[in-house]
Amino acid sequence: MAPNLVEKITDALHLPGSHKHKKTSAESEPKKPILDKEKVSVIFVLGGPGAGKGTQCSLLVEKYNFSHLSAGDLLRAEQDRPDSHFGDLIRTCIREGTIVPMEVTIKLLENAMLAELRSKSGEGWTNGKGRFLIDGFPRKMDQALKFEEDVCLSSLVLFFTTDEETMLKRLLKRGETSGRDDDNIESIKKRFVTYRETTMPVIEHYEKLGKVAEIDSSSPVDQVHTAAVAAVTKVLV
């Protein structure tokens with residue numbers, strides 16, 4: 001994405017540091033993520049549309065006091081924000097099942113994470129520590145690399161798997177009450193294609209790093225939860 005568009009995104013999302021200035025010697029050094037992996041646990045939650053990510057995230061939040069951030073929910077909130085410069089862009093991407101420019105998604109996640117670190121308390125949130133489930137992100141390799149470069153290194157990828165027929169049934173059922181623009185058969189099929197073509201390479205990347213816990217989400221919810229708990233307990237700080 002062109003630098004001037006990135007700056008516009010930064011300004012539109014009310015972020016600091018959007019003005020150009022000369023680089024100092026310190027700024028020429030390799031960039032570090034703003035959050036320390038030794039204090040902040042980031043678990044990416046991936047799987048096809050309708051794989052059960054939201055259900056399992058809710059259960060893990062209850063057990064471990066995670067902050068659950070859904071990239072999709074953040075984008076939908078931004079598209080509905082009255083003064084958003086990117087509402088139409090986000091709305092079109094969601095409707096067509098395509099991926100929103102990563103600068104928008106990553107900045108929304110960064111803002112939300114910093115807000116949680118300032119305000120959240122309890123287990124896992126003392127002395128600058130925090131624990132996040134990031135649901136439905138990253139969906140492309142460039143998103144994964146950029147997030148880890150700018151925001152925080154991930155600790156684990158929870159990868160929920162099931163067949164497309166099951167996912168389709170779940171999504172159509174959800175669409176009866178969700179009110180979401182993308183819970184219709186045309187958008188769902190487009191999302192399946194996007195998932196296969198762009199998200200599976202992300203899974204393969206993290207598998208090579210030994211960071212993927214693959215869980216069959218066709219099983220009953222409690223069994224899926226048990227498997228997720230076993231994976232999560234190994235990486236929490």
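Glycine residues also receive a Cβ, built from the backbone N, Cα and C atoms like all the rest.
Record features (TrEMBL):
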BINDING   G50, A51, G52, K53, G54, T55, R174, S219  ATP binding site
BINDING   R76, T98, I99, V100, G136, F137, P138, R139, Q143, R180, R191  ribonucleoside 5'-phosphate binding site
REGION    12-31  region 'Disordered'
REGION    70-100  region 'NMPbind'
REGION    173-183  region 'LID'
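Residues 8-9, 12-13, 54, 57, 108-109, 112, 134-137, 139-140, 143, 180-182, 187-191, 193-194, 198 of the same chain sit 6 or more residues outside the region 'NMPbind' (70-100) yet have a Cβ under 8 Å from a Cβ within it. Residue pair P138 (ribonucleoside 5'-phosphate binding site) / K53 (ATP binding site) shows a Cα separation of 13 Å.
Across the fold, the C-alpha of K53 (ATP binding site) and the C-alpha of Q143 (ribonucleoside 5'-phosphate binding site) stand 19 Å from each other. Comparing Cβ neighbour counts within 10 Å across the binding-site residues G50, G52, G54, G136, P138, the minimum falls on G54. Every protein chain considered, the tally of other Cβ atoms within 10 Å of the Cβ of T55 (ATP binding site) stands at 15. T55 (ATP binding site) has G136 as its nearest neighbour among the binding-site residues I99, G136, Q143, going by CA to CA distance. Taking a C-beta cut-off of under 8 angstroms and a sequence separation of 6 or more, I99 (ribonucleoside 5'-phosphate binding site) has the following same-chain neighbours: C93, R139, K140, Q143, T194, T198. If you draw a 10 Å sphere around the CB of R191 (ribonucleoside 5'-phosphate binding site), it holds 23 other CB atoms from the protein chains shown. For the ATP site listed in the record, the two most distant Cα atoms among G50, A51, G52, K53, G54, T55, R174, S219 lie 19 Å apart.
Between R76 (ribonucleoside 5'-phosphate binding site) and G54 (ATP binding site), the C-alpha separation comes to 15 Å. When the C-alpha distances from R191 (ribonucleoside 5'-phosphate binding site) to the binding-site residues G50, A51, G54, S219 are tabulated, the minimum falls on G50.
Separation of the C-alpha atoms of R174 (ATP binding site) and G136 (ribonucleoside 5'-phosphate binding site): 17 Å, rounded to the nearest whole number. Spacing of G52 (ATP binding site) relative to G136 (ribonucleoside 5'-phosphate binding site) is 11 Å (Cα to Cα, whole number). Only G54, from the binding-site residues G50, G54, S219, place their Cα within 10 Å of the Cα belonging to G136 (ribonucleoside 5'-phosphate binding site).
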